[in-house]
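J.: The structure that follows is given in the form of structure tokens.
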Amino acid sequence: MTSCYVVHEAPVRRVAIFGGTHGNELSGVFLVKHWQENGDEIQRTGLEVRPFITNPRAVKKCIRYIDCDLNRVFDPDNLGRQITEDIPYEVRRAQEINHVFGPKDSNDAYDLIFDLHNTTSNMGGTLILENSRNNFTIQMFHYIKNALAPECCPVFLIEHPNLKYATTRSIAKHPVGVEVGPQPQGVLRADILDKMRKIIKHGLDFVHIFNEGKEFPPCTIEIYKIMEKVDYPRNKNGEITAVIHPSLQDQDWQPLNNGDPIFLTIDGETINYEGDSTVYPTFVNEAAYYEKKQAFVKTVKVKLTAKGIRSSLS
């Protein structure tokens, strides 16, 4: 008998696994190309799973992007932009991806997209959540976290009234970001590859048993919610005047309190954090975010509760 605390969710039938959204983040590229050749590992009964290279030109050159960040252009303006000769490659590519896997915000969109990323920051195997009210995704993250325990698997919520990401995966009904590091750009590490591979395995296992009719009771997970992006100190010319302090380097997801060191100038001056409450930094000293003027992201730790779910066809 189904509990009154359980909501019926549509079964998940079409899943995509994106690699190469950023062409120099090689774990996803490596896995997706492997699965395109031999997909037995990612197949589940009753499920269509499609591995897909999202930014092939950037992958070929082993660079982040060609003209602009593909992971920031899945907004209505860019997806509806008229194609001209001077349109950025990634905007044209976004429209192509939206045509195949979307349209975004429509019933025809893919049910679930895993978007595979690497970071140079010490974030471990992080799951990125876009919607704090998506019961299915929260339940999946709860399942993955339990499957990986005791290994840590942080959940990063990027829902924010003023920070809009327009990610590649956002065209799906259930978008899932997978961010694994630390790994340098243009490099493969076996341990990072293994973490990413396990996350996808457990995610697909969850979808399979959900589709088969298993009821998942209400659950609560601890997540890190984005609050603010923090830039490096700069001079009047916009040049960086301090680096991440050694006490903060590699301390993603660790508590940062008022008075703790965050930056160190070339002259040896320490710049301390000023804040009224404890925050949890992440994307600390991420190489790709220098151009975005971002030294780290401040998050707060909160709990999210999902309703119980069951497939509507079971």
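Positions of Cβ are set from backbone N, Cα and C atoms, glycine also.
Pasting the relevant annotations from TrEMBL:
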ACT_SITE  Glu179  active site, proton donor/acceptor
BINDING   His22, Glu25, His117  Zn(2+) binding site
BINDING   Arg64, Glu179, Tyr289  N-acetyl-L-aspartate binding site
BINDING   Asn71, Arg72, Tyr165, Ala166, Thr167, Thr168, Arg169  substrate binding site
DOMAIN    12-206  domain 'Succinylglutamate desuccinylase/Aspartoacylase catalytic'
DOMAIN    220-299  domain 'AstE/AspA barrel-sandwich hybrid'
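Help me picture where these features are in the structure shown.
T.: Annotation for Glu179 (active site, proton donor/acceptor): same-chain Cβ neighbours under 8 Å, separated by at least 6 residues, are His117, Asn118, Thr119, Met123, Thr126, Leu127, Ile128, Phe156.
Take the CB of His22 (Zn(2+) binding site) and look out to 10 A: across all protein chains shown you find 27 other CB atoms.
Other Cβ atoms within 10 Å of the Cβ of Arg169 (substrate binding site), summed over all protein chains shown, number 27.
The average per-residue pLDDT of the prediction over the domain 'AstE/AspA barrel-sandwich hybrid' (220-299) is 97, rounded to a whole number.
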J.: With an 8 Å cut-off on Cβ-Cβ distance and a minimum sequence separation of at least 6, pull the same-chain contacts of Arg72 (substrate binding site), or say none.
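T.: Spatial neighbours, sequence-distant, of Arg72 (substrate binding site): Tyr165, Ala166, Thr167.
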J.: Can you give me the residues near the recorded substrate site, meaning same chain, not Asn71, Arg72, Tyr165, Ala166, Thr167, Thr168, Arg169 themselves, Cβ no more than 8 Å from the center of the site's Cβ atoms?
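T.: So the extra residues in range turn out to be Thr21, Leu70, Val73, Phe74, Asp115, Ser170.
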J.: For Asn71 (substrate binding site) and Arg64 (N-acetyl-L-aspartate binding site), determine the Cα separation and express it in whole Å.
T.: 10
J.: Looking only at Asn71, Thr167, Thr168, which of these binding-site residues has the biggest number of Cβ atoms within 10 Å around its Cβ?
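T.: Answer by Cβ density within 10 Å: Thr168.
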J.: May I ask for the distance between Arg64 (N-acetyl-L-aspartate binding site) and His22 (Zn(2+) binding site), taken between their Cα atoms and rounded to an integer number of Å?
T.: 5
J.: Can you name every residue in this chain, apart from Arg64, Glu179, Tyr289, with its Cβ inside 8 Å of the center of the Cβ atoms of the recorded N-acetyl-L-aspartate site?
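T.: Surrounding the site, in chain order, are His22, Glu25, His117, Asn118, Thr119, Thr120, Phe283, Glu286, Ala287, Ala288.
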